[in-house]
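**Q** First the structure, which I've put down as structure tokens, then a few questions once you've had a look.
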Ligand SMILES: C[S@@+](CC[C@H](N)C(=O)[O-])C[C@H]1O[C@@H](n2cnc3c(N)ncnc32)[C@H](O)[C@@H]1O
């Protein structure tokens, strides 16, 4: 069952956290000239026109992107993020993870983008043809199965973004199991897993998510989680924020992300709170 469409949510607070973290990972890989390989297991449509009916329905970009438009950043990661995004936002388009990747990838790097939805795959292919390069491959297939099949990559420097819709509760254990399998064969791969923060109303999913994060936290050499909370966690709040679990994060990514997200919170308003927690360190 594939009913999730990211266009309803494009540019919301969760996208800002996820895309800042993903850009931070990519930027760090770019510090060396050596090529790398990226994987986006649940790529979506690539980019989202904000005047389309989907985006206009709930205008979720008002909870994220709109607060950052026209802002001037102090922190290096937020500055890079705004520099890359602002011209696209000016066209009233929100760049999803694939468009971000198209903008950030260098000639020597490669990427694999996977998407299962029959309509989204067409949008994704168009996005890559328009903004991408020959070395970006688009796969119409299950993202987690594709990731296992395509890893470890050659060269084995690289990173993964796992951003499922979590419509089905069994997606949580699937992410944990497949990520563990990948890391057994690709021990130095960096993995970014996005997850929702859900209130008591969605207790079974919230519990499955907690178990997933606990499993992911010990699957690699090191791990931290970074969370952005945008509402009170009352019983009926639903999704009151989100997090990213970053396995094998690059040196100082925690500092870069914290600086950027603290600025983001100031721009979003007093309801927004960011926290970062190391779950596994080298010594542990
Ligand atoms: C949250 S959206 C992705 C958004 C995108 N990563 C971004 O940041 O712009 C999740 C996507 O996963 C797709 N999807 C759902 N199940 C999938 C599966 N088993 N394999 C690959 N893609 C899947 C959905 O169609 C949807 O487009």
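Cβ from N, Cα, C; glycine included.
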**Q** Hey, TrEMBL has S-adenosyl-L-methionine bound by 19, 42, 97, 142, 143, 163. Any idea which of 60, 79, 115 it lists too?
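**A** That S-adenosyl-L-methionine site, as TrEMBL gives it, pairs 19, 42, 97, 142, 143, 163 with 115.
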**Q** Looking only at C-alpha atoms, tell me how far residue 142 (S-adenosyl-L-methionine binding site) is from residue 4 (site 'Interaction with substrate rRNA'), rounded to the nearest Å.
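**A** Residue 4 (site 'Interaction with substrate rRNA') has its Cα 15 Å from the Cα of residue 142 (S-adenosyl-L-methionine binding site).
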**Q** Can you count the other CB atoms that lie within 10 A of the CB of residue 97 (S-adenosyl-L-methionine binding site)?
**A** 25
**Q** So of 115, 142, 163, which of the binding-site residues has the fewest other Cβ atoms within 10 Å around its own Cβ?
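**A** Among the binding-site residues 115, 142, 163, the lowest count of other Cβ atoms within 10 Å belongs to 142.
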**Q** If H, G and I count as helix, E and B as strand, and all else as coil, what does DSSP give for residue 142 (S-adenosyl-L-methionine binding site)?
**A** coil
